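Taken from TrEMBL, the feature Fe cation binding site applies to 101, 143, 147. Residues or ranges marked as active site in TrEMBL: 144.
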């Protein structure tokens, strides 16, 4: 398993709809899970979807269990792997928040997302799991699951004025400054 190259915005593979995983015990899935773990850790991401490393399957990994220097004000999220996730909003409440993406390096934008979400998926053992999330964790799972349908956060911007280079937004005090680990 290895740290994989992350595809960047403009690569047509990021716009594909991912395929359902039929066999979670397949060697491809086992190695994909490790590659996602290694890659998200190396890049300090809040999450990563299989399409971002060129694998068009419905698999996402989010959280890492500790503070994330890219999102210093965000709560820690336990590392969670989801295979074939299905998201359902708990209510109609939406929340605007700043997002970045490993596939859109150096840029952030404000996106409106459901504030509370229920998910159902398979875990790495093929067991069905479900859980409810709110706030930042709910935002992360929606962002990662968008990748499974070929959607980037830039497609969901609140407006073009709420999009820019991370350093400029930090200098202007619009988004929190990253920490140095």
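Keep in mind that glycine also has a Cβ here, set from the backbone N, Cα and C atoms.
Just so you know, TrEMBL annotations are computer predictions that nobody has curated.
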| Under 8 Å Cβ-Cβ from residue 143 (Fe cation binding site), six or more apart in the same chain: what's there? | 46, 47, 99, 101, 111, 113, 153
| remark: Same-chain residues at least 6 positions away from residue 144 (active site) with a Cβ under 8 Å from its Cβ, in sequence order, are 47, 48, 49, 60, 61, 62
| request: List, in sequence order, the residues of the same chain other than 101, 143, 147 whose Cβ lies within 8 Å of the centroid of the Cβ atoms of the recorded Fe cation site. | output: 47, 49, 52, 99, 102, 103, 144, 146, 152, 153
| field | Spatial neighbours, same chain, of residue 147 (Fe cation binding site) - Cβ under 8 Å, 6+ residues apart | value | 14, 18, 49, 51, 52, 60, 103
| remark: Excluding its own, the Cβ atoms lying within 10 Å of the Cβ of residue 101 (Fe cation binding site) add up to 26
